[in-house]
Amino acid sequence: MVVIDQHVVWTFFASLFGFVLLYIICRNNNANNRKLKKKTFPEEQCDKNSSTDGECRHVSGSDTDIVVVGAGVAGSALAYTLAKEGRRVHVIERDLTEPDRIVGELLQPGGYLKLIELGLQDCVEEIDAQRVLGYALFKDGKNTRISYPLEKFHSDVSGRSFHNGRFIQRMREKAATLPKYHFLPSYIHCIIEKFNACNTPAIKGTVTSLLEEDGTIKGVQYKTKDGQEHTAYAPLTVVCDGCFSNLRRSLCNPKVDVPSSFVGLVLENCILPYANHGHVILADPSPILFYPISSTEVRCLVDVPGQKLPSIANGEMANYLKTAVAPQIPPEIHDAFISAVDKGNIRTMPNRSMPADPHPTPGALLMGDAFNMRHPITGGGMTVALSDIVVLRDLLKPLRDLNDAASLSKYLESFYTLRKPVASTINTLAGALYKVFSASPDQARKEMRQACFDYLSLGGIFSTGPVALLSGLNPRPLSLVLHFFAVAIYGVGRLLLPFPSLNRVWIGARLISSAAGIIFPIIKAEGVRQMFFPATVPAYYRAPTAKPDI
């Protein structure tokens, strides 16, 4: 009887254990089926309470993590970077045909290092990009060469110059090759026309507005080519729609200045005096740039101050280029310049500058030229944009959930401080150099211009220091200010030696005053505290030293 009772007890426990085990297995199978259904048919996972105008909004985490508006340099690089990090990215671009621009053709060495950091360095391959190793300056028949300080870097590191459109297309293609799902669920939904390499349906759209609810950006509204309106929702929207952005006004305080315009030409089969160098002519009234954009083409950019340009249609522009500009061109490239003018393919582009003055807005972020612009004389725009992408990538890396918009916005305020070393250095140098390099009837400004040319001609630290700042290899605002005033003091020394006079002392005092008047307003616009004392900004400490609880 005792034996029977033991068998009954053990049978009972074995049956109970088997039942529990079977229940757990069945429950796990059902959960896996639901997950599979959710992944395979995201359109069915819809928050019915958030439906607007009959359009279904996907619940958090089931569709898109980040909407990127614009697929230029910043947008394409950002989309690739975030998708590679495991984010689900939705890119909306108005026109995916190859852009044809006369700017955005020179990438500084510091920008190339950021390309490497993002895994995009192969985007400068197969587009006939040219290596750039430094600059040559020309003034009043004299010239000097300034090389990038690249000795400590790999031999492949240098500047690159190319056709802007080819570079952008390579980055778009790179982004589109990412698979729809990675080990971490990620994809790029390409809003692209004729983009066969993309793994998702190819359409294109023009973003018309940001979707806001209770002060938080929930996504965007866009129109497709057929006029249909659609919405795209995501916890974070990054606006990268360029210098003509129509969305920036609600996300920043845009103070756009247009000090001049570039007149662009392409010189064919032209050999520059210094191979693999950008050429800067300190002409009257403002600088002229030459740099290779392919193995057979050289870009010429003539800066014309003000916003009123000679007419291209009636021949005024061609006449201006031949009579006012051509006599100041080095003789080695004079004939090629005249030939380019005669061909008539003259393009213009306004040069915009706009300091970054954001309104931190939950659910949205600005980037690229939509957020911050500087005079393109130093070719620093792409370097700043790529550096910003690295900063944003590192900030987002420890975050699993982006749906707490208020906490995310507070956390991302550190972005505006962490970007400052690179951005403020390049922005300030661009604005200051343009003013120093431009001709002026003021004697003090003339002395400052000559002092700058002579200072850079000294070589050694006097040239490598400033060019390291310009190239993005040494983004230190304090070093920039020290070199800038070293130029001014050097100019004063030239005036006072060998024998000072009252007139020379007066010009020297005005030179220092003029230097301060050039650089201090730019520094003020950039933000003195963020630029020189970032550690005193509370947002600085929101950098992801540990995983934030948001």
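Cβ atoms here come from the backbone N, Cα and C positions, even for glycine.
Using DSSP to sort the residues of the domain 'FAD dependent oxidoreductase' (65-95) gives these counts of helix, strand and coil: 12 helix, 9 strand, 10 coil. Residues or ranges marked as domain 'FAD dependent oxidoreductase' by TrEMBL: 65-95.
Feature annotation from TrEMBL assigns domain 'Squalene epoxidase' to 234-503. If you take every residue in the domain 'Squalene epoxidase' (234-503) and average the pLDDT, you get 95.
Per TrEMBL, transmembrane segment is recorded for 7-25 (among others).
If you look up TrEMBL, you'll see 455-473 (among others) marked as transmembrane segment.
TrEMBL lists 480-499 (among others) with the feature transmembrane segment.
According to TrEMBL, the feature transmembrane segment maps to 505-523 (among others).
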**Prompt:** Are there residues at least 6 beyond the ends of the transmembrane segment (480-499) whose Cβ is under 8 Å from a Cβ of it, and what are they?
**Reply:** 425, 428-429, 432, 436, 447-448, 450-452, 454-455, 462, 465-466, 469, 505, 507-508, 511-512, 515, 519, 523
